[in-house]
Amino acid sequence: MKILVDENMPYARELFSRLGDVKAVPGRPIPVNELEDADALMVRSVTKVNEALLAGKAIKFVGTATAGTDHVDDAWLNQAGIGFSAAPGCNAIAVVEYVFSSLLMLAERDGFALKDRTVGIVGVGNVGGRLQKRLEALGIRTLLCDPPRKDNGDEGDFRTLDELVEACDVITFHTPLFKTGPYTSLHLADEALIRRLKPGTILINACRGPVVDNAALLKCLEEGQDLSVVLDVWEPEPDLNVALLNKSDVATAHIAGYTLEGKARGTTQVFEAYSAFIGHPQQVALDTLLPAPEFGRITLHGPLDEPTLKRLVHLVYDVRRDDALLRKVAGIPGEFDALRKNYVERREWSSLYVICDDASAATLLHALGFNAVHHPAR
């Protein structure tokens, strides 16, 4: 059994070799000749999986180690009798922590407190739901927009996008990319919406590039509209608009979900799905794969305030590192993908063990996802 895996999927060789012969290949472009005798294909978001790629091939199963699936024509796979699995929620924590790192950096730079801001979350799925909980744990007001969930009768105080535009200081997008249908998200943030944003609004896109009309956003920024912009995803990729990058406050190479934990979850989820598909189900404990974190433990004295939280967050991940790396190579062919391929290991907040002498600080840090414990001072 031959299994093709994206060369940038961590632990893929280690896991899938339990099931067959593994060949690691580039994801963009994928070497078509390798597909001729392969039984299964494991990809990431950079690989377009459709009839043009797989028609006439022997592939029986496709797995994508990503939460999003807009790069996969799953309807055609189903029609062709090819098994398919994604990894919903695998990188949700990573994206939430990327958003926090960006917001805390902007708050310090611009001299405001996050607790004084209202955050609008567009798309309240795996990422948006977790972001809401962490923001509200800090006492930050959130407004939610998710028309599919509202129409489905899901519990929650869902608002319209217009309401978010009018009321929010931060608007962050976490929706799938739907190009057609009743819930189209292509250019959800179009020129008309962008122009209605309040002065000083922070606009964040860490889902899919075309959810925000990049040309319209650049036009508004070049005309002097007062916005702070955080972009991890672009329209198009990998050939992003360098002029828009230069106008953005935070610009990164589609790496918001790139924690080691998030990548490992994606790999293990599709591994477990494929092992079940071939009739040999296996379960993987994530902590058996991950290395020891860089920081063993730290001690926090006293209550948790926003500056202290920023220091803890940036100790684990400071978004300015990735921003600087992209700006250094922007516009150079191949470098966007190279940044993603050679991404420096990044961990999640849970990898940081924090000993707190203040009980409320330990409780709050634990709610935010840190590995925090309370040990009273003696």
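Each residue, glycine too, has its Cβ placed from N, Cα and C.
Feature annotations, reproduced from TrEMBL:
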- 4-279: domain 'D-isomer specific 2-hydroxyacid dehydrogenase catalytic' (DOMAIN)
- SER45, THR66, TYR258: substrate binding site (BINDING)
- 110-256: domain 'D-isomer specific 2-hydroxyacid dehydrogenase NAD-binding' (DOMAIN)
- ASP146, THR175, ASP232, GLY257: NAD(+) binding site (BINDING)
- ARG208: active site (ACT_SITE)
- GLU237: active site (ACT_SITE)
- HIS254: active site, proton donor (ACT_SITE)
- 289-369: domain 'Erythronate-4-phosphate dehydrogenase dimerisation' (DOMAIN)
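Feature map: annotations from TrEMBL on the structure.
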residue	record	Cβ contacts under 8 Å, 6 or more apart
SER45	substrate binding site	THR64, THR66, GLY68, HIS71, HIS254
ASP146	NAD(+) binding site	VAL122, GLY123, VAL124, GLY125, GLY128, ASP154, GLY156, PHE158
THR175	NAD(+) binding site	VAL122, GLY123, GLY125, SER185, LEU188, CYS207, ARG208, VAL211
ASP232	NAD(+) binding site	TYR98, ASN205, ALA206, VAL250, THR252, ALA253, HIS254, ILE255, ALA256
GLU237	active site	GLY209, HIS254, PHE336
GLY257	NAD(+) binding site	THR66, ALA67, CYS90, ASN91, ALA92, ALA94, VAL95, TYR98
TYR258	substrate binding site	ASN91, ALA94, ARG340, TYR343, ARG346
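Per-residue pLDDT, averaged over the domain 'D-isomer specific 2-hydroxyacid dehydrogenase catalytic' (4-279), rounds to 97.
Compute the center of the Cβ atoms of SER45, THR66, TYR258, which mark the site for substrate; besides them, the chain residues with Cβ within 8 Å of that center are ARG44, VAL46, ALA65, ALA67, GLY68, ASN91, HIS254, GLY257, GLY266. Counting every protein chain shown, the Cβ of ARG208 (active site) has 25 other Cβ atoms within 10 Å. Our reading of the substrate binding annotation (SER45, THR66, TYR258) yields a largest Cα to Cα distance of 12 angstrom. Per DSSP, the secondary structure of the domain 'D-isomer specific 2-hydroxyacid dehydrogenase NAD-binding' (110-256) breaks down as 52 helix, 29 strand, 66 coil. Within the domain 'Erythronate-4-phosphate dehydrogenase dimerisation' (289-369), the DSSP-based counts of helix, strand and coil residues read 42 helix, 8 strand, 31 coil.
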